[in-house]
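Quick look at what TrEMBL annotates:
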DOMAIN    15-128  domain 'Thiamine pyrophosphate enzyme N-terminal TPP-binding'
DOMAIN    204-343  domain 'Thiamine pyrophosphate enzyme central'
DOMAIN    411-558  domain 'Thiamine pyrophosphate enzyme TPP-binding'
Amino acid sequence: MNSPLTKAGFSKQETVAHVIANALKKHGITHFFGQSLPSMFVLAAEQIGIKQVSYRTENAGGYMADAYARMSNTPAVVTAQNGPAAALLVAPLAEAQKVSIPVIALVQDVNRDQHDKNAFQDLNHIAMFESVCKWVRRVDLATRVEDYIDQAFVAATSGRPGPVALLLPADLLQEPAVPAPFKRSVSLGRFPLDRPVANPDAMAQAVALLAAAQRPVIVSGGGVHVSQASQALTDFADAMSVPLATTNMGKGAMPDTHELALGVIANCLGPNGSGRYLKPFISEADVVLLVGNRTNQNGTDSWALYPKNATYIHLDIDPQEIGRNYEAQVRLVGDAKASLEAMLHLARAADTSARKAARKDVIAAISRGRDRHQSEVAPLLQSIDTPIRPERIMAELDALLTEDDTVVADASYSTLWVTNYLKVRKCGQRFLTPRGLAGLGWGMPMAMGARVANERGTTYCLVGDGGFGHVWSEMETAARMGIKVVTILINNGILGYQKHAECLKYGSHTSAVHFSAVDHAAVARAAGLNGVRITDPARIREAIEQAAQSSTGTLIEVMCSDQAYPPITFYTPDAQV
Ligand SMILES: Cc1ncc(C[n+]2csc(CCOP(=O)(O)OP(=O)(O)O)c2C)c(N)n1
Ligand SMILES: [Mg+2]
């Protein structure tokens, strides 16, 4: 029997799919995350040299795109089929929406004459995506394709960036291209697309308030990275002699070697927490400058950390975030980097003598707080216990970390080990965590997307065994696509956070929290990566070193204690839970 696949190689040219591919190229898109669909688009894109980074599940593809955008400060494109595949993009787009990351989802839709007829895999995609995207549209006319692509890029990258979805009917993609009435040639492939500066009077007021304050503090959130404002923020804090703390998402804004760096405070206030002895810098502040900070639950220790009587100055691109939980006396609506650069000029011209006079005491107090924490955790960092303590893993990783490295963590405890124990080496160093929604399993694909965006240094990823179970299949993708990530798996045999929280809150746990023994290192090897299992803490460092040197990705499975609790206030004795 003759094969039904009789057509010669892909020969179509100048279709609507080609117009889309060319528009992406114009916007600087060099990679997209996909799994062959919409086929016409992928064929056209590969034909003109845009690289498809494939995924095994759309979930993972969306997280790869998210991290790619976070690392490259360019919008990232993920593609998927209509129906079930589109539905799997909802979770990653929701994360991107929460953390203001421009992910552009190009999703196939059924043929234009098949809507509402129970066509195969038809769904009301617009309604489905609307709650997790900034902008959702379907393009129905060949003449309007470039208009819609540009609108998608502008929506994703301007103002408060965020995810968008553009639906592409399958039949439209095959139509011949028609010239658009107006030529479009400007590239929009970066974010923030525009950098509006805050009101000059408000900025002057902010600088004056900080200069005159007794105990001022700056707390930056993830918006600092979205705006690439780390250097501007560090320079401003330095010029004003104001200490700077970050949230989990803001980690990396200032090097920990800087004398005014407080590090992550709010989510590290429990036993052994790095923020414990530095907490008064926030809780007793008289003037607080919030920068790109959503004042969310984790970033405020459930809104218990911030002082009631302080004066709040709030800088954000989204006016709605300003004053959301803490009434702002000074509203600074603008791009963080551009506004902080302008504020730096004001700071240099201002009388900051009182701050300069106070600086010595401030840095002495910071250094005392840091030393006290270090001596408290030293036994854990050097622990020779087996099963192994996660803190020991973090100490070994921290000893090897360089300023070119990127660290990605999964949700659950992995995020907290990373934000509490790893030191920031340089301004703007990235510690990526899926902390918009803290969905499990998103770390490993995020590390892959981060690696595709930036191959400098080593890309480390810390995951728990529960979360990792969501995405084992992507190890094959990493091996096939040559994406090198050093993944450190904390195998504690349990859904740790889940089990511990249930025990703490209810005095018991459900039957779902214990796993049977899994040889993850063997799974990694079977999928084409290096896989090693570590049971002796003395072997962690050489395993990481070898993995960093290998040209292939590695899974280092560390057999860990199931009784290690990260340093959140939830685990403080007598905490109200
Ligand atoms: C997608 C998703 N499902 C469920 C949860 C709820 N949850 C939070 S932490 C956790 C346990 C995580 O276990 P593991 O990945 O092994 O990490 P560990 O806490 O043991 O280090 C669960 C089930 C979640 N955050 N996201
Ligand atoms: Mg676990």
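Cβ from N, Cα, C; glycine included.
For the domain 'Thiamine pyrophosphate enzyme central' (204-343), the DSSP counts in helix, strand and coil order read 42 helix, 27 strand, 71 coil.
DSSP labels the residues of the domain 'Thiamine pyrophosphate enzyme N-terminal TPP-binding' (15-128) in these numbers: 56 helix, 21 strand, 37 coil. Taking DSSP states H, G and I as helix and E and B as strand, the domain 'Thiamine pyrophosphate enzyme TPP-binding' (411-558) has 63 helix, 26 strand, 59 coil. Taken together, the residues in the domain 'Thiamine pyrophosphate enzyme TPP-binding' (411-558) have a mean pLDDT of 98 on the 0 to 100 scale.
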